[in-house]
Amino acid sequence: MEYNDIATPTRTKQLLDQYGFKFKKSLGQNFLVDTNVIRNIIEAAGIDKTSGVIEIGPGMGSLTEQLAKHAKQVLAFEIDQRLIPILGETLSPYDNVTVINEDILKADVASAIETYLHHCDEIFVVANLPYYITTPILMGLLEKNLNINSYVVMMQKEVGERLSAIPSTKAYGSLSIAVQYYTDVKRIMVVPKGVFMPPPNVDSLVVKLTTLERPRVDVEDENLFFKLTRGAFVQRRKTILNNYMSLIQDSKEHKSRIIEWLEASGVAPSRRGESLNLNDYAQLSNNMKKYPELVI
């Protein structure tokens, strides 16, 4: 397979000079200039000519053009207006790409899927995510329960490691729980910082998140479930009791009931949030309705 291409230092620099483009640090702009990394991302995504693909932050189109070669339709969200004319040039050979100049965090993604990808058999997200908003993007998409089969996304290595972290490890936290609630997580490859222009300060990690047919644990109130998981990690070194004392309204007068709720859920009050797994948090969430005086 022949990759022509934007994803080389020479071609990227030529485009930068041609358009007088200056990187905005506030937008976390680091353009990928390595075709081998892109090839691995495409292969991990497993897309074909029946697939619809959502890309977030296409930059100059280095990944986008390869997605266009493999997918039925590509829908790219780009927040930076200055990149729109560049993308108009670099993606001009492809009639199966739509670029929307919009912030993905504010976009109506469900409506966009219905408008642009309705004729595709399956929907995938494939993207080099901006470091500074990786978590809001991922959680925003996952929590919307969109009909997305899988996500192959590149992010800061440290953040990527959190996604697959297990209990009682340093990387484990509320993000690990939330992502594993919705998906199976697989690490694909570490990407060195030198394959970007400009290079970021840290290495990256490509991960594949395959959406589960149903969430990993049965939860009656997802909003409460996520409040409890986030609340358990506000201060990692504190016990689950102390963190929830800070989370629950009028907790001092309800302390005995909080302890009772924890113990009835099979969670010792002296444990730390990092030691609990998804089933533990599901049990806490589902049992809380039996204690109506405990309000978050």
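Heads up, the Cβ atoms here are built off N, Cα and C, so glycines get one too.
The S-adenosyl-L-methionine binding site annotation in Swiss-Prot covers Asn30, Leu32, Gly57, Glu78, Asp103, Asn128, and the record cites sequence analysis as its basis. Leu32 (S-adenosyl-L-methionine binding site) falls within a strand segment according to DSSP.
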Number of other Cβ atoms within 10 Å of the Cβ of Asp103 (S-adenosyl-L-methionine binding site) across all protein chains: 13
Entry from the binding-site residues list Asn30, Asn128 having the most other CB atoms no farther than 10 A: Asn128
